[in-house]
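Novice: Below are the features I grabbed from TrEMBL:
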ACT_SITE  340  active site, proton acceptor
ACT_SITE  637  active site, proton donor
BINDING   432, 460  Mg(2+) binding site
DOMAIN    16-69  domain 'Malate synthase N-terminal'
DOMAIN    160-235  domain 'Malate synthase G alpha-beta insertion'
DOMAIN    337-578  domain 'Malate synthase TIM barrel'
DOMAIN    597-693  domain 'Malate synthase C-terminal'
Ligand SMILES: CC(=O)SCCNC(=O)CCNC(=O)[C@H](O)C(C)(C)COP(=O)(O)OP(=O)(O)OC[C@H]1O[C@@H](n2cnc3c(N)ncnc32)[C@H](O)[C@@H]1OP(=O)(O)O
Ligand SMILES: O=CC(=O)O
Ligand SMILES: [Mg+2]
């Protein structure tokens, strides 16, 4: 049991208290007693409203459930359905047009389009890697993934495979031809790059000297003009470095001695306190906050074993080049960091009221993560995060404008307590709940002075789609959701509303996660759709994916796309979008499923669900790669768990599945998952005792108690079961 320190009527867990007093506050200029007083005041002031907002969610859901139950067996009227949603206040009236006025936004957010990497903040090794993923090796990203096919002897072998290496070089040169084309010939034919008269001079095998079609794209270099070691280019605001080093093995097979192409990759990173981590108590929360502190003070480090060697990972310094006028050019060495707080639902025992009630975790996150960010704002770190002096907080899982207004008011209050100018905290709004999508314009208005992004979190959004309309009928198969009318309306509408609210040049319009981490060829083929849709950032699961996704932003000029989109919108599109958005993705008679298809869908869902839950509950791993039924590794987090659990629950309720069938699948798939984890010595098999295995029972609850879970969220049950496991150890 955590010891507690009484502070102004609140009982603060000793672990958090000591951390704040001894590690966070020194150097912030904030007086300790004033801080604890502010904490107490903020909880006293904001907790009742937080609770009221949660009660409103329940109230809406009950009315929607009753409407569908009442209408059972009657033909569905979309018109009546929408009128009902307006009537109960679920859809609010859209007011006059407006533009956001957010200021002091860093260029990674406002003006340059590029990948956004998400990382579990609880894992220091990953968190550091993500912060350093601003720059990535294109050669490594290509060599190590399926973007380069392994036919004709090009497979990945134990030692370097020159056949594969040659394919990587060819791919990279083709990329250079697209981004920085030569006035004549190809980067394939280059024997040397030099600088003369503040220009790039390119010598070809043919003996010709050529230059760039757009010479202004060459902006800096390192080394001698005759023998440069690095050449720096800028395209669509993104930097590309050609690294020249004849001593590197790969450069020996390149007449121009190119050793790598280094790409500016993850412009921004979301350090996640939410769905990709498992933080259930004061001890866990303190560990997460400590990593954020290390990032903000610049001293986070982690020693790890890599390829049989011990290495210590720290934050990368900035990068230095010489401009063509021989001035120093310093570029950020690290990604711009956002921190994703938790939403309004959960509470945590890190702080208790005097009646031993847990406080809302989202309020605690807001206060502590901002307090920690003071180290960046006050220049206490050797490394700057926001050059504009802003703090970037992503707020997930908000339902509708009142909840956004609540976060906005909370942030204003936190700024007041910490002596920060109002709107120093920038808010990222996850557009991932149905009531937010439907009322997005009003959600943005509620934070129009600080909003820095709207992101389509389509995974949570799909979970909410299923839960909200649980009683309307059985939903389409999970994989087919992406073809449904609501999802394209949701994605298009998010871009339209963001652009019409003046996001261009000021804030991000973001797209969702690439959740198949090993399918990079597929990603390179398809994720170009995100910049083409007008989004200026999109989520990737790993640094490698960031280096590959950035290729798209070199091909697509998002600024131009946004300008063109703004000219195209019409009033009619807005109306038809709303009814498409509210079209429930129900199975139609035309698409009735065979018993086999139903069983496959169930087994697939259960395999992913169990594979994720067992690691969450037993090992505290919040984001995992779990093989699906076709052995494709899927990124699973709490949002994907929300989808699978709610989907099974929905089919169970509507009689497509029986309880016995679900239990049989759970037991069969538990054995599959146990086998998948056989090489993990810390893994506890589930199939040895289904009755007592806590993770297995958590999975059962997620399905059989799924209908009653608030908004279909998985965190209440996951937390409860993880706390049980932690108590045993
Ligand atoms: C719906 C939503 O909310 S989506 C947002 C939540 N999702 C995320 O945050 C995704 C985070 N990603 C991950 O956790 C991982 O990439 C997974 C679990 C998806 C896949 O993991 P694996 O492919 O098994 O990667 P693995 O654990 O082998 O790590 C490989 C390397 O990549 C690095 N890496 C993987 N993902 C990341 C990441 N997101 N950020 C930084 N580094 C990463 C690791 O540090 C490791 O490098 P290292 O050995 O030098 O430290
Ligand atoms: O948070 C992202 C999502 O897709 O959910
Ligand atoms: Mg989400």
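Keep in mind that glycine also has a Cβ here, set from the backbone N, Cα and C atoms.
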Novice: Around residue 340 (active site, proton acceptor), how many other CB atoms lie within 10 A of its CB?
Specialist: 25
Novice: Using a Cβ cut-off of under 6 Å to any atom of ligand 1, determine which of the recorded positions 340, 432, 637 qualify.
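Specialist: 637, in sequence order.
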Novice: Under 6 Å from ligand 3 by C-beta, which of these recorded positions make it: 340, 432, 637? Sequence order, please.
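Specialist: Only 432 meet the Cβ criterion.
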Novice: Between residue 637 (active site, proton donor) and residue 460 (Mg(2+) binding site), how far is it from one CA atom to the other, in Å?
Specialist: 10
Novice: When DSSP is mapped onto helix/strand/coil, what comes out for residue 340 (active site, proton acceptor)?
Specialist: strand
Novice: Name the residues of the same chain, 6+ apart in sequence, whose Cβ is under 8 Å from the Cβ of residue 460 (Mg(2+) binding site)?
Specialist: 275, 396, 397, 430, 432, 433, 639, 642
Novice: Calculate the per-residue pLDDT averaged over the domain 'Malate synthase N-terminal' (16-69) and state the result as an integer.
Specialist: 98
